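Engineer: Below are the features listed in TrEMBL for this protein:
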type	residues	note
DOMAIN	27-333	domain 'Plant heme peroxidase family profile'
SITE	ARG64	site 'Transition state stabilizer'
ACT_SITE	HIS68	active site, proton acceptor
BINDING	PRO170	substrate binding site
BINDING	HIS200	heme b binding site
Amino acid sequence: MYFSRKILMVSLLCIYASCNADAQRGGLSLDYYIETCPSVEEIVRSETERIMSIAPTLAAPLLRLHFHDCFVRVSSYDIGCDGSVLLNSTKNSKAEKDSPPNFTLRGYGSIERVKAAVEEKCPGVVSCADIVALVARDAVSILKGPYWKVPLGRRDGRISNASEALANIPAPTFNFTQLKASFAVKGLTSKDLVVLSGSHTIGTSHCSTIATRLYNFSGTGAPDPSMDPEYVARLKSRCRPTDNTTLVEMDPGSFRTFDLHYYENVGKRRGLFTSDSTLLSDGLAGSYVRRQGSLATAAEFFEDFSDSMVKLGSIGVLTGKEGEIRKRCDAVN
Ligand code: HEM
């Protein structure tokens, strides 16, 4: 009797503790701005809606910005989602945004616009890093994807270094082992990897990113043999070998809706990058891809995606008195 009551109490404590831990990951909390800027989420939401009503294709890059922000500065400095991706290069330092993996990033102006709207109401209070996290969530949910609560309280970093972006952002040519290692350094699992790769259900890629895969895979002068030949033919008809400007849809036919089609495509050997196709080479990730690709509803994926985004958004955050609250997002104060 005593034993079972003790087990019950321990279980209840664990449930409470894990909920609390989720809400307060890495020193962040859901009600961080309740006194200092209670309307921050409404302001960000309405600005993001306004931006997307004018330029709907910006949703995908805005999600990608958050990923690229969180993945840099981690391995050597234990810093992640600190708004460093938004800083401009200076006379003395080349910033992350001027590093090859970020040449195709967009949406900096939108973040600056949202920040200006927040500053108008709550000057000097809300970090750019938090704004990036909120905008990413809102962009996904506006495209009919999941909605998750974003723990807040990130502070902005003062350093942005191009070589760190190059060293930390995974390449589209990565195989599963490389991707898994790249995610593990940030405390993310293979499940987070396969779930977050589901982001490629929205957005576009430049032809130049896939040229080698289509025309000269591993120096063979032929396409990647693991790709569906029909899909290769369709991509080749859009992308000439030296094309640097044309865009292709990451999830053909539904690249503006956050849904399960990405998994359906990858399961049919229509992953756009090696990093997408390679998910099939791992037991756990492969079965996740096949399962989600066959489901009628996205409920499970949406829940998984929300959980993994909260984890992603908590990587190496600066809190308390660390860093600063930038006045504008592209320069330190
Ligand atoms: C697993 C490793 C990943 C690799 C190797 C990768 C690589 C890439 C590349 C190369 C592009 C296209 C760039 C271009 O040519 O324009 C892209 C686009 C995109 N990625 Fe990823 N990505 C990964 C994971 C993620 C994650 C974790 C997220 C979000 C949480 C994400 C979100 C996106 C989005 C939304 C786009 C479309 C961007 C647009 O429309 O401009 N990716 N990714």
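Using N, Cα and C of the backbone, Cβ positions are placed for all residues, glycine too.
Keep in mind that this is a model prediction, so the values were computed, not measured.
Describe the structural context of each listed feature in the structure shown, including burial, neighbouring residues and relevant distances.
Structural biologist: Looking only at the domain 'Plant heme peroxidase family profile' (27-333), the predicted model's pLDDT averages out at 96.
In three-state terms derived from DSSP, ARG64 (site 'Transition state stabilizer') belongs to a helical segment.
Of all the Cβ atoms in the protein chains shown, 21 others lie within 10 Å of the Cβ of HIS68 (active site, proton acceptor).
Cβ-based neighbour count (10 Å, all protein chains) for PRO170 (substrate binding site) stands at 18.
Under the DSSP three-state reduction, HIS200 (heme b binding site) is assigned to helix. Neighbour list (HIS200 (heme b binding site), Cβ cut-off 8 Å, at least 6 residues apart, same chain): MET250, ASP251, TYR262, LEU272, PHE273, ASP276.
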Engineer: Tell me which residues of the chain lie with their Cβ under 8 angstroms from that of ARG64 (site 'Transition state stabilizer'), as long as they are six or more apart in sequence?
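Structural biologist: Spatial neighbours, sequence-distant, of ARG64 (site 'Transition state stabilizer'): LEU105, GLY107, SER199, GLY203.
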